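**Q** Mind having a look at this structure? Questions to follow.
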Amino acid sequence: MRWLDTGPEPLLVHVTNTAEPHAAMLENLLGALAPARSTPKGARPQHQPEGKAGMTMSATHHPIIVVGAGLGGLTLARVLHVNGIQTVVLDLEPGAHARTQGGMLDIHEETGQAALRAAGLHEEFRAKVHPGGEALRVLDRHAHVLMEEADHGGRGRPEIDRGDLRAILLHSLPEGTVRWNSKVAGARPLDSGRHEVTLADGTALTTDLLIGADGAWSRIRPLLSAAKPVYTGISFVELDLLDADARHPECAKLIGGGMLFALGDNKGFLAHRESDGSLHIYTALRAAESWLSTLDFTDPHSAKAALLEHFADWAPSLRKLVADADGPVVPRLIQALPVGHLWKRTPGVTLLGDAAHLMSPFAGEGANLAMIDGADLGRALASHPGDTETALTVYEGILFPRSEKTARQSAKGLETIFNDRAPQPLVDMLASFTTE
């Protein structure tokens, strides 16, 4: 079980409830488009070597440009590919392996797995699934276990390493589909729904259909909306305990095989076990937006000491999750777009994933929503050849209500976890699932 879908980017969670069985509402918490012209079936983009700095595009015009090679953008590119539609994906990273891709994800049957089926990749996904990990423990500040749930499996939310999932998507695309070293500096509308995209190296590209899949601080969103992410009031500090069973056995025993919430007084520890045997820890608390800037993260020892001052009266076994952590200490502000964020239909451009609906991670749907967004957009475009505006209208008609519902769930989840009575509201909520 995961409940945090934070992605790999520091200082920001890529982020992204109706009652579902047990803790499903909160799973994945632990733990970020003038009509388009489709190319003929079987068309292949020119090969572009990964990581070639200062690259030059083979042409200045592409019928479809997707900005961002995250899970959502790659899912869209794959669904378009299986429908014979060529696209180009621009990404600022020098290559596919330029940075780590985060930890484990629960891929939900109705969203992420549905997207993988649309992409024709469900079997490849199943081959990389990690069994187990859905166990849950809820503790108070004294490390008393208030609720424990074993991993029974069969909940339709199997786990996969984010990097493995991204690799499946990347390997399913024709060579050169993703253009690395392509940092988008801006975009502007032209005539008839076309857009111009300018890269940081000065390269200018034009497109009939521009899709922003470029995350929380999207360069494409301003074409559609003036909305910007705002601070939710929750700050995370991220830590790791490596080779936990051998080097940190007490912490490993405390967390178990899945997910742990230790909560109290608007703060707590959210932790889970990774597939490599490490423990990933999020220390979380309500704080001023400027609080993280008062900690010296260049000095992990100093940062951990300052962090532990906020947990002085907590159980020693919980404090060890911070005190014994290995390696860097990473700050993350939890930010979100306004609930119900939407925009007027604008010719030739749309958004998906965090670019469209960044939310806090407390509904556990960030990666899953990005993928189903990509699949829905790809299917809409394939179903309306030569009529991009109808396709975008259909897509946004699905996107807006779904993302608003999930954003409300996320906001509610935040309040359930971080409050003066914590962890009791979370325990009560989970218990209500058990009795339904």
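Using N, Cα and C of the backbone, Cβ positions are placed for all residues, glycine too.
So TrEMBL lists these for the protein:
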type: BINDING; residues: R99; note: NADPH binding site
type: BINDING; residues: D106, R162, D354; note: FAD binding site
type: DOMAIN; residues: 63-385; note: domain 'FAD-binding'
type: REGION; residues: 36-55; note: region 'Disordered'
**Q** Quick one: give me the count of other CB atoms within 10 A of the CB of D106 (FAD binding site).
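**A** I count 28 other Cβ atoms within 10 Å of it.
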**Q** In the predicted model, what is the mean pLDDT computed over the domain 'FAD-binding' (63-385)?
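**A** Averaged over the domain 'FAD-binding' (63-385), per-residue pLDDT gives 95.
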**Q** Please find, for D106, R162, D354 as listed binding FAD, the greatest distance between any two Cα atoms, in Å.
**A** 17
**Q** Kindly assign D106 (FAD binding site) to one of the three DSSP-derived states: helix, strand or coil.
**A** strand
**Q** How many other Cβ atoms sit within 10 Å of the Cβ of R162 (FAD binding site)?
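**A** Its Cβ has 20 other Cβ atoms within 10 Å.
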**Q** May I ask you to report the DSSP-based helix, strand or coil state of D354 (FAD binding site)?
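**A** The residue in question, D354 (FAD binding site), is helix (DSSP, three-state).
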